[in-house]
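Novice: Structure provided below as structure tokens; questions to follow.
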């Protein structure tokens, strides 16, 4: 209605009344215009006064007034223990609403002064938006009359430049009559909100308006005045929709505005009024300063410049406010069963929200202490305590419970989508070696397997230097921590080690000593042979305390309990002779064990990666398996293999000098790095063997024939 009324008013202002018969009766243009406006006001007033009567008996209205207060929220500072005592005073299955709360005038004032930080950002955003739109609404016709038409309002009424100014003002009124027609844009914006997200709508509308105002001030053309006025309609529609949608949405879910304390009583009506009042503050501030800006610039073009700057400030402020919204929305899980997987952290699951459709909920920590979760208000599924949201948690209670928002934080429950379609920079950084082949501490000689600890220190099986080297994070050279005493079979010697893992419990390193046919442990320069007479190649440890070794001589993968090596181990994959059947291997190499104790094995001469589930009698092909080749469905001598939390398989394609990613069940893989053929440039690999990820998701590849370790940084 505000837009429609404004359009009518500007339309009346654009008519040249001085050329009509009414001017001869009432006087000049201004007298005619204000007389018509006064008559419209009187008609509207009479219609309002004579409309249907409202009840005057307060007893009739009281139940409805009482009910309206049930939408108030108590932002409490009570501890959980205090709340438990308070709840015991109420009905077993309900929490009382605030119907009987006595709210003083000081409570009301406190709720205005002490606002949650998210509401402060929303008010600031709305303030900048209104400043931007008021700049247009109050001073636009002056801009058109002077900057576009070239008139001068300081001259006499009959002066040609004063006449030109008046023509410009009327033309500007036509431009302002246009923009309310673009108030239909809320329909478009609501559609975009669903498709693109509310952040894009809120910030995008302000940027569109800012660009429109800058273009208008730059072009200063009559045609631009009409066309670009539409951007004001877009911002106007945003001001009357998005802020109030946000407030209502987050009151309904009890996630908006609940970050404040001080024992406040907040109401949705108060918060709507606070946000709405920004228009009056904006009018006061702008009317107090715009004249000074125009005087200093000596041009009314300053009107459009100020409007644009203020709109950009609003967009920046909206970005800060949307941090809160993104935090909640990014943890939404859709079409996911109760407690279903929703995060890369297996300790997190989906908690269904009350009233949501399509199995929608929030992704949070699965095991909060049940006794500390309070029941939601049974009348409206709200939560009285701050920082909580009402969810289903049947393992704790059949009734909906108030779940802490802090337990749905992305740091605790990283969204699964964060690991889908990850990409890495194609130009790598050399983090170890790269100084040609050699045996100096800054050199490597055909490195094979690597291990990276949580501090991003790299442990390297420096094969043809017959040693294990630890390369500290950002170090310029390595430190020999095992071997390095020439090639040999003595207890302190190694013979082309191929893999290394670090037992971070005992701080020892375990090495696949390839040509010595043994697995050996080093701890502070003391050695112990763990497993002898085994054609070992790859090593892996699981979280349950088992060590896995690939035995290429017997085409099997064996498992030992850590510390218990006085046996032949248990065969967990292969062991059925050499071959290409699903229960066979042809030279198993690198291995990876996931959280379910499924074993992934690089089947070197079968050019495939096999997955053996725990206690399975045969494996399944999860990568390659279509013969030797370089097509997307082929591998050529696969090396290191890693499986992420989503089941995506990363494998070094040794013969094709590349790293591939496969999804289980897919016929083809995709390039990750190494699309530029074999070579020694930063975007090339030559005979790569091992690979690992650090805690940040950066990819490390053993570039064996280039005698270096390459780091491919993740693209966030």
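Including glycine, each Cβ sits where the backbone N, Cα and C put it.
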Novice: When you get a sec, could you say which of 201-219, 334-352, 353-371, 372-390 is annotated transmembrane segment by TrEMBL?
Specialist: 201-219
Novice: For the feature transmembrane segment as recorded in TrEMBL, pick the matching range from 30-52, 53-75.
Specialist: 30-52
Novice: Looking at 87-109, 225-247, which one is transmembrane segment according to TrEMBL?
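Specialist: Per TrEMBL, the stretch marked transmembrane segment is 225-247.
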Novice: Where else in the chain does the repeat 'NHL' (436-474) make close Cβ contacts, counting only residues six or more beyond its ends and a cut-off under 8 Å?
Specialist: 480-488, 493-502, 504, 509, 511-512, 514, 522, 538-539, 590, 640, 689-695, 700, 702-705, 707-709
Novice: Restricting to the same chain and to residues at least six past its boundaries, which positions have a Cβ under 8 Å from a Cβ of the transmembrane segment (30-52)?
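Specialist: Sequence-distant neighbours of the transmembrane segment (30-52): 9, 12-13, 17-18, 20, 22-23.
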Novice: Who are the long-range neighbours of the transmembrane segment (119-139) in its own chain, taking Cβ under 8 Å and residues 6 or more past its ends?
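Specialist: For the transmembrane segment (119-139), the nonlocal Cβ contacts are 176, 202, 206, 209-210, 213, 232, 235-236, 238-239, 243, 246-247, 256-257, 271, 274-275, 278-279, 281-283, 285-287, 290, 294, 300, 303-304, 306-308, 310-311, 313-314, 317-318, 320-321, 324.
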Novice: When secondary structure is assigned with DSSP, how many helix, strand and coil residues does the repeat 'NHL' (684-715) contain?
Specialist: 3 helix, 19 strand, 10 coil
